[in-house]
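Novice: This is the structure I want to talk about, given as structure tokens.
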């Protein structure tokens, strides 16, 4: 992710997405050869993972650059494609494997992933959409629109690694680690938990479909609500994280398919609301001038939580012999992440008050009156 972000800063989002599409497609297509496990790690693992990162990071970034007032809604709609994928392509991939085998399925999926390049070509660089032509002069000064664009572009040609020294970004990155530790746990243990409750296997498969549907609804609804600007996005994110943790704490209490589906649906809905706005909150924390750098660093740091969370939950389940323990662990971790968001909000409020006090003190300080001698006639 940081490599993708730095390339976006140096070149364009379009070029990085197209490159990512080629890498992802090549990784899946080369996996078709299936020479050995090392080969599979290098192709379907490393090469495709690199391509997906090159595709996903710029795609999210360019949406935030294009929209300001409706950024939350735009991010929600853009991210809703993940839900459509989970609901539609999962059964489709299973059908491909049954018809063509896993090798043939990898080759076909690699071909499908070439469409990422088509999407990348359609991502027009923001500077080219300026309303001012290269020779037009903006009102009030003698600087042309083209000159302003060039100066802005030159000022943002470097990746800002110093974001790790900003307390607001560090707090939000730690929040990302704790959240990622929890988000990957429920989909892993939901089906085994339902089996342990004696629920028929034909019904358990529908739980993941329910998650995808309510996740989709949650993203769109939260994006629409955030667009109203009724509350600060960080407050809305804190509320959704709290509701997710509550859902995870209550989910182990389910004793039937209906109750399990209700709690799982609540988790999926509030998870969707969180995904819809957490990138918007990142933009609010660091500002759009450093957003590309912040997104890359945030994804890098957050991924450590996704790497640690599922094994830790699995260890706890093995020690206790109960799948419910994994959900309790995920809920408790989200409670800690909500606390970090509250701390972040207080830090931002303190800075805002400090800047307002400084501005007020400057305005209240009157300059020394200048002496005007009478002019001799």
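The backbone N, Cα and C atoms fix where each Cβ goes, and this holds for glycine too.
Any TrEMBL annotation is an automated prediction that lacks curation.
Below are the features listed in TrEMBL for this protein:
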DOMAIN    1-349  domain 'Major facilitator superfamily (MFS) profile'
REGION    353-377  region 'Disordered'
TRANSMEM  15-33  transmembrane segment
TRANSMEM  39-60  transmembrane segment
TRANSMEM  72-93  transmembrane segment
TRANSMEM  105-123  transmembrane segment
TRANSMEM  169-191  transmembrane segment
TRANSMEM  203-222  transmembrane segment
TRANSMEM  234-254  transmembrane segment
TRANSMEM  260-282  transmembrane segment
TRANSMEM  294-313  transmembrane segment
TRANSMEM  325-344  transmembrane segment
Novice: Does the transmembrane segment (72-93) reach the transmembrane segment (294-313) with at least 3 CB pairs under 8 A, where each pair is 6 or more residues apart?
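Specialist: In this chain the transmembrane segment (72-93) does not contact the transmembrane segment (294-313) - fewer than 3 Cβ pairs sit under 8 Å.
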Novice: Same-chain Cβ contacts of the transmembrane segment (169-191) under 8 Å, 6 or more residues past its ends?
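Specialist: For the transmembrane segment (169-191), the sequence-distant neighbours (Cβ-Cβ under 8 Å, at least 6 residues beyond its ends) are 163, 204-205, 207-208, 211, 241, 244-245, 248, 251, 264, 267, 271, 274, 278, 281-282, 285-286, 294, 297-298, 301-306, 308-310, 312-314, 317, 323, 326-327, 329-331, 333-334, 336-337, 340-341, 343-344, 347.
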Novice: Can you give the mean pLDDT for the domain 'Major facilitator superfamily (MFS) profile' (1-349), rounded to a whole number?
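Specialist: Taking every residue in the domain 'Major facilitator superfamily (MFS) profile' (1-349) and averaging pLDDT yields 83.
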Novice: Any residues 6+ beyond the ends of the transmembrane segment (203-222) with a Cβ under 8 Å from its own?
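Specialist: The answer is 72, 76-77, 79-80, 83-84, 86-87, 90, 187, 190-191, 194-195, 236, 240, 257, 260-261, 264-277.
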